[in-house]
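**Student:** Please read through the structure below; I'll follow up with questions.
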Amino acid sequence: EEEERKHQQKHSGPKAERKKLKKQGNSTEKDERKRNPKAFGVQSAVRMAKTFHRAQDIKTKKHHIPLVDRTPLEPPPVVIVVVGPPKVGKSTLIRCLIKNFTRQKLGDICGPVTIVSGKKRRLTFMECNNDINTMIDLAKVADLVLMLIDASFGFEMETFEFLNICQVHGFPRIMGVLTHLDSFKNNKTLRKTKKTLKHRFWTEVYQGAKLFYLSGMVYGEYQTQEVKNLGRFISVMKFRPLVWQTSHPYLLVDRMEDLTDPEKIRTDLKCDRRVSLYGYLRGTYLKNKSQIHIPGVGDFQVAEVNFLPDPCPLPGAQKKRALNEKERLLYAPMAGVGGVVYDKDAVYIDLPACHAQQVQEEIRPSTELVQSLIDTHATLDAKMAASKVTLFSGSATLDSADVNVQNSENEGHMEERIWDPISHRERRKVIFTEEADDDKGDASDSSENEDSDIEESDAEEQEDTNENGAGGMRETSDHGGPTVKKRKLEEEKDVTGAVAELPVFADSEDDLEMSEEEGDAGRAADSGHCSEEDEDEEESADEEMDDDDDDDDDDLSKEEEEGALRWKDRLQQKASEAFLRQQEAMPNLRKLVYGSEEEDGEDVDEELGGLFRVNRPQKSRRFQANALDCSHFNPDSSHNWDLEEMLDSIKDCFVTGKWEEDQDAATLLKEHDEMYGDFEDLETGEVHKGAIEAQDQSQNNESDEDGDAEEAPTTADDDDVQKNKRLDKKRRLKERFDAEYDDGDATYFDDLKEEMQKQAELNRAEFEDLDDETRVQYEGFRPGMYVRLEIPSLPCEFVANFDPRYPIIIGGLGSNEGSAGYLQMRLKKHRWYNRILKTRDPLILSLGWRRFQTIPLYHIEDHNGRHRLLKYTPQHMHCGASIWGPITPQGTGFLALQTVAGINANFRIAATGVVLDLDKSVTVVKKLKLIGYPYKIFKNTCFIKGMFNTVLEVAKFEGAAVRTVSGVRGQIKKALSTPPGSYRATFEDKLLMSDIVFLRSWCTVSVPQLYNPVTSLLLPVGQKDSWSGMRTLGQLKHDLGIRNKPNPDSLYKPVVRTEAHFNPLHIPKELQKSLPYKSKPKQQQRKGKRPRDMQRPSVIREPHERKVAALLQALSTVHNYNTKKAHAVQHAKHKEFLRQKEKDEEAKLKRQKEARKNLYRIMGQKDQKKQKSSLKGTPKD
């Protein structure tokens, strides 16, 4: 068979040359520019200027006003609210996202669910149900909104309602998610629907808003790749700070505890409850004893605030590309997820009884270690002593005795095995050569009490480390074999800021002692149980743990001055002291189990820095036979010399180190110069002064540039300080000069950003060095802390009717926001709301953190500044509104609803607006017309009655302008004694008794003081969306069946108009003479009756004549009918004739057209022949 020929690549030609250039990295663009520079030149300066301006405009439009970055170093979790109508897939999406980030499945989504999504970001998911109260509350705290839309149905009212709520309360980031796309069978319809929904979504949010498509479900979950893409977008999204959120502290509560005394509840079920609420603090700093508002409950005073350890901490500062499984934390106490719960003075571990014997790794990963500790029946030492290991297949097994014999030979310590009848295990006692006798006595005394103390402290310590997220450890089995899961040590800070000391595990007590004595050759806090894969991670963690070990070294350096390890001495006393220390801080497992070990001062040269390392038997067996002698020198002594502590530990070994005063070279030289510093160089004749005389001269001669005379430095250190000061001053002057003259390309926007950046750095650096306890006293509880708020007097319904599906938000109030007052607002009825709003009808407002009912007065400002009361809100324009309510900062947006009960079929948001003013400076007035009647008329003066009731009322209105219905203007002059309320007035003209006089006045309207908070969270479970407050007047009349009695003057009546009779026009004779003839009245006589003789007599026919007339009439009728019928037939024939004629005409035209075509074709062919013959030329003869 002939082999298939391989493709031969071209090695020459233009294509091959381009490929070569591309491989070499040389672009061909430069050559093209050189070859044809005009093609790359500016073709049109005007067009280039337009392009440049457009690019700059687009760049400038992206600029926001820079704000000071107040986000803490450990920001609180990002609040992600999943919104949408019912049955659109909200819970499914949350479950898929949680599974994507944490690899865990959640059954029921109740309350906030906090997860760790990356090295620097945590997420809190909250599902928003269809209740308008929940939508309003969550819109105020959301950082990101995932808006789910059912693509098979389209947009629903809930989507637009939530968008309007967000627009009012500060617009968070919004991402649309289209679901139910698998219901479209036709691909064209799917694309069209996607496009329509996308553009409508862009109209509501902004052009280019992100819209995700979830194409379908697989086994009840969304497709993994689509969820992963959505999770990536969420993980890297940036958020712009919202004004209300950054100026107020707030919490999204994820846990609630009732602290009320049970005896008090037993005696009085309706008593107020003392409740502690937990959550991440967001926004700004929270002060203790401050005022808060819980939407749906009311205003309260905080009794106590504490910060707790973070239940869902960010992963450690180790450099890793991704999170490992242990750091994929999930915290959802309301959903029953997360086995460890922190409180003020305790830590609770949830161990479900029904699953006690099963491994809860998938659902409850934090309880595995605690469960294994509870189930164990033997101590770690007994298990390790009984365990055996086989190094090679077919070789003999090694137990701990063989290893200990080799180690004891290297160490020089002796070992004695003693069987303990109480604990039923073999005890191994260390015998030191110099103090063997003393140790025997001490060890035997303490051996009895050792087991119980070690076992208890061991279990407590492992519980604490398990709660702090350090992971679990599986021990070796009784039958031997290597460890299955290795313990990783992590650094955890306590509430007080102290660093928790970390436990060290070894195969046995003797191994731990030996390893600690060999600490100079090992690493700090090495567990001896880490696998080879974990060694790199542990080395990076050593740097962080050096600080912890330094504290232990101070304690360990006391006992070893006596010359030996005495870890069994006074073991019971040490255990009791450690237990007392455990109440204050997290205990140290090494001190509890093995006692304190201290070094002798003579061993400083061997153990530099006091770093300890636990010996690894596996590692020691890997040493080769030709390696260096380990008893004298350990070749694997790796120290991190970049650390300042390691450098300080060996400073004394060098000349530049810190020596004693009588041995330090620099100190001795200074003293020598002071005493013997004066000498004269005989060759040059230069006189050198000592330090003391030089100081006196420099004080007289030297002065500072600023005019501040200071003493000259007396030592070399002071000289360095002065030199640094001068350098700093020069540097500052140069920076000032550069800032003034070297602007470069910096714009005003860049300068503003730099200024904000400096302010943010100043804010961070102010309290950076203080511990949390001290910082809290200065600046309050900072955002990002997990805090516990204790509220002393919450209504009992809050606890009894608690539903985790409804969010509990704690909003901090400003200094004046707790008091009520008059608010002036600008309001506009929403164009989608189908009713206009009436003054004095109660309205539910969402303003700030609060939702409350109040009675607004609508008004509009006239051209003269008067605020005139309106009965109804105007259509499509703003109006003013005055209410009585809680003081809220100016510029805060609000929205209004008429009811929050149930689900209305129509759009629920009635109006939106903004707060303008906070005082009662605006006076709302309404028009008032007072009517009076004249009872005496004297030329232009008349007496009016019926307008006022008393003389005092008239005195108030003296000089006021009045007017009649006919338009005659006048003025009130003075009150009359009788009748009461009458007055004298003057007018422009004389009045008639039928005139009506009225006075136009303005009456001040007072704003009703109603503030009724919406307490929806106090309603029973299942009825929280049915809160109803004060009803409107129309609702009251409808509910009570009251009908208005109509005003008789307002009823419509039939209009009866009498016929008007006008007199004949009378023109005087003199005027008639001057009129033209056609306008003169003609003297015509009226037509009279015709005389009887002039009238034509009537003819009476005979019977025969009547018959003849009837016959003629019948014949004429028949003739007319026949004529009409014949005319119709003729018309139809003519119509048919015309139709046929038209057809013939069309056929004729068609024939003529075809004939013309043939004629033109023949003529064209003749012309072509003529052209060809002319092109060929005449044939030669």
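The backbone N, Cα and C atoms fix where each Cβ goes, and this holds for glycine too.
Just so you know, TrEMBL annotations are computer predictions that nobody has curated.
Residues or ranges marked as compositional bias 'Basic residues' by TrEMBL: 7-23, 1079-1090, 1125-1134. Residues or ranges marked as compositional bias 'Acidic residues' in TrEMBL: 434-466, 507-519, 532-562, 702-720. Annotation comment: TrEMBL describes 563-572, 1091-1105, 1135-1149 as compositional bias 'Basic and acidic residues'. Residues or ranges marked as domain 'Bms1-type G' in TrEMBL: 75-240. Marked as region 'Disordered' by TrEMBL: 1-42, 432-604, 693-724, 1068-1105, 1125-1181.
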**Student:** Residues sitting near the compositional bias 'Basic and acidic residues' (1091-1105): Cβ under 8 Å, six or more positions beyond its termini, same chain?
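**Tutor:** None.
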**Student:** Restricting attention to the domain 'Bms1-type G' (75-240), give the mean pLDDT.
**Tutor:** 91
**Student:** Tally of helix, strand and coil residues over the compositional bias 'Basic and acidic residues' (1135-1149) according to DSSP?
**Tutor:** 15 helix, 0 strand, 0 coil
**Student:** Give me the DSSP three-state residue breakdown of the compositional bias 'Basic residues' (1125-1134), ordered helix, strand, coil.
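**Tutor:** The composition, in the requested order, is 10 helix, 0 strand, 0 coil.
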